[in-house]
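Feature annotations, courtesy of Swiss-Prot:
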BINDING   Cys541, Cys544, Cys610, Cys613  Zn(2+) binding site
COMPBIAS  1-11  compositional bias 'Acidic residues'
COMPBIAS  39-51  compositional bias 'Low complexity'
COMPBIAS  105-115  compositional bias 'Low complexity'
COMPBIAS  162-173  compositional bias 'Polar residues'
DOMAIN    309-537  domain 'Lon N-terminal'
DOMAIN    536-645  domain 'CULT'
REGION    1-59  region 'Disordered'
REGION    104-130  region 'Disordered'
REGION    150-187  region 'Disordered'
Amino acid sequence: MDGEEAADIDETNSSNPHAAAVVATEMQAVAEAERPEEQQQQQMPQTSSGEADGDVDGDGVSAIAALATRVRLENMLEVVDNMFDEVSELMVDVTELMQRASELTGTTTPTPTAPENQAENAPEIEPAQPATPPEIAELLEEAIAANPLGHNVLNPGDDARSISSRHSGSDMSLDSPGSEDDSDAEAVPRWIIPENRVRSAVDMLVSQARNQDGGIATLLRRENFLQRVRSMVFSQDRVRGRESDEANLDAGNVVDEELSPELSPAPLDIDMEEGVRFDTNLPAEHSYFGPNLNRVPGVDYLEVGSTHRMLIFMHQHILFPGEVLPFMIDGSIIDEEIHDTGRDGVIFGVGFPLMQPPDDNPHKLYGVTCQIYEKGESGRQMVFYKSRALQRIVINCDDIQGPPQYIARNPTMKCYSKVKVLPEYFLPEPLKCIDMGSLNRFRDLPSMQDKFRRYQLTSTPWPLEACEEYSFEHIVEMARKKLEVHKIDTMPKCPIQLSYWLVRNLHLTEKMMRLTFLTDSVNTRLQIIGSTLKQESLFYCRYCNSSLAYCSDLFAMSKHGVQTQYCNSAGYIHETNTVYRIIAHAVGYSGEPSTEFSWFPGYQWHIIICKFCAQHVGWEFKAVDPNLAPKVFFGLAGSSVRIGKTSERTPTQGNPFVVRNLLHLVFREIE
């Protein structure tokens with residue numbers, strides 16, 4: 001027996017315990033058949049018989065050798081047949097298990113032995129099913145215990161993190177889908193697809209789905225989803241096998257380029273568009289409420305630190321003093337409030353439940369006071385109102401009387417509470433408080449400002465660091481330069497109003513907005529704003545974390561700035577951020593365009609949805625008049641987007657949690 005045959009038999013013995021006995025029998029038969037042959041060969045030189053006897057002996061040896069070879073081949077074929085029978089029995093068990101699981105869940109699961117029928121019988125897959133029924137969990141445990149090769153199959157209790165770390169030799173990072181380690185490819189049988197192959201295939205399908213209408217939701221609803229995953233795995237294997245070393249190196253360079261942080265595109269110059277510029281005063285008037293709006297007398301500012309009992313509502317967005325809040329509620333609520341207070345002006349409180357209070361007092365609710373300055377006709381049940389936020393307040397939750405209701409959800413009941421007006425502390429720059437007599441005329445000369453400043457520092461006991469701590473002129477100048485591209489020229493001069501105005505127009509993160517709202521010091525608020533001026537930010541989908549637009553593309557379609565509150569015909573209030581453009585292939589469209597109740601006169605609106613998760617993220621506004629500029633812009637809904645750093649953007653364009661759930665689902669079905 002030669003070395004190759006012995007190696008084949010040894011490999012077979014190691015893979016199948018039943019085959020070891022068969023192969024041992026085979027080796028014994030071959031040894032017995034070869035032993036007479038060796039004896040005949042040893043005795044042939046000593047034989048003195050004739051040529052006829054030698055021929056007979058030679059024929060006998062050949063017959064014995066042929067018989068031994070036939071026995072050996074038959075035994076090897078029997079071993080192979082036994083192996084195929086065991087694999088077939090295993091596949092039948094898997095098929096029965098999947099059918100039983102389908103009966104328990106009420107779905108029709110395709111059998112792995114009939115992939116051609118899978119497109120017709122595939123179930124509608126939901127993207128998030130974290131809970132596994134107890135019956136299915138028991139079935140999976142039985143299958144894992146019965147399958148000696150089941151170390152690559154998911155356990156019922158596995159979560160996304162355990163899936164990601166199952167193979168220590170493979171790179172399972174979603175941030176780098178192009179890099180994978182094939183070290184585990186030979187560690188599992190050929191009929192089990194390695195985990196890193198499935199991950200790469202799913203990542204490719206998700207990337208393709210982003211460029212199609214419907215996004216990931218449509219991908220999951222397709223009947224042939226699992227078959228498409230398998231096909232993608234095999235297609236990638238074929239491509240990987242055909243590529244040469246040089247092609248692999250080039251592909252690696254492409255992946256590195258994709259993973260490199262993408263620079264923010266150059267801002268568009270809207271003034272270059274031909275046509276009549278849109279009047280930014282129109283959105284600020286909220287003319288979609290109609291022309292019959294009446295002025296309401298104003299009210300005085302409340303004393304800082306004083307406590308008042310007033311009508312309060314809840315709101316899903318954070319309002320800052322100076323911001324306009326349009327809303328639509330039952331007119332009887334406000335009319336009764338005017339009658340009860342005996343004042344012409346109306347003031348009420350708005351609380352922000354979504355803004356987390358400080359840890360030292362979790363029973364506090366922060367908000368603002370709002371003054372109604374215009375109202376619609378009172379002849380119908382729902383009345384339009386326009387109000388403006390005035391002062392920051394804090395509400396003790398224990399003092400609330402009545403059920404708190406959101407102002408955007410057509411409140412029908414009243415809710416009162418005691419509120420305390422928060423202070424606003426401002427310390428002017430120390431050097432500006434020093435009277436230099438006749439030298440004051442050099443204070444505002446650009447060529448003399450540095451010399452004048454150095455001269456002031458020599459005449460004061462304060463160090464330079466203390467003076468710069470309360471200096472905000474450089475912050476205002478940096479903010480003005482950054483807002484030049486937004487076409488905003490309504491920056492207030494009062495430091496208190498300026499601090500709130502910058503928060504609304506400099507697209508801060510939610511954490512920074514909370515910090516700026518809670519601080520009572522205007523100087524500290526400006527310092528917080530100044531720390532974010534050099535950061536490049538992106539708008540991300542709040543549901544799946546896909547990047548939608550660059551904050552550098554913000555511009556003002558209203559004289560109030562780039563972020564404004566608008567009310568739709570159903571009374572829901574949207575915080576809208578207007579941008580020139582969005583990232584390519586980031587959104588799709590839903591429904592038909594309409595001009596009804598348009599927030600921007602002369603434009604039609606069209607609902608846009610995230611292409612990755614198919615959730616509503618805003619609107620596209622397109623000019624109806626061809627002479628109106630800009631021709632097209634977008635409004636991103638504040639409740640559907642969040643602001644984050646550009647470094648958070650990943651090539652997968654989606655939340656890793658979504659992809660991990662998808663992988664969990666695929667592994668449970670495909671294995």
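Counting starts with 1 at the first residue shown.
Yeah, the Cβs are placed from backbone N, Cα and C, and that goes for glycine too.
Distribution of Swiss-Prot features across the structure.
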residue	record	CB count, 10 Å
Cys541	Zn(2+) binding site	25
Cys544	Zn(2+) binding site	20
Cys610	Zn(2+) binding site	28
Cys613	Zn(2+) binding site	20
Mean of the pLDDT scores, which run from 0 to 100, over the domain 'CULT' (536-645): 90
For the domain 'CULT' (536-645), the number of residues DSSP places in helix, strand and coil: 3 helix, 61 strand, 46 coil
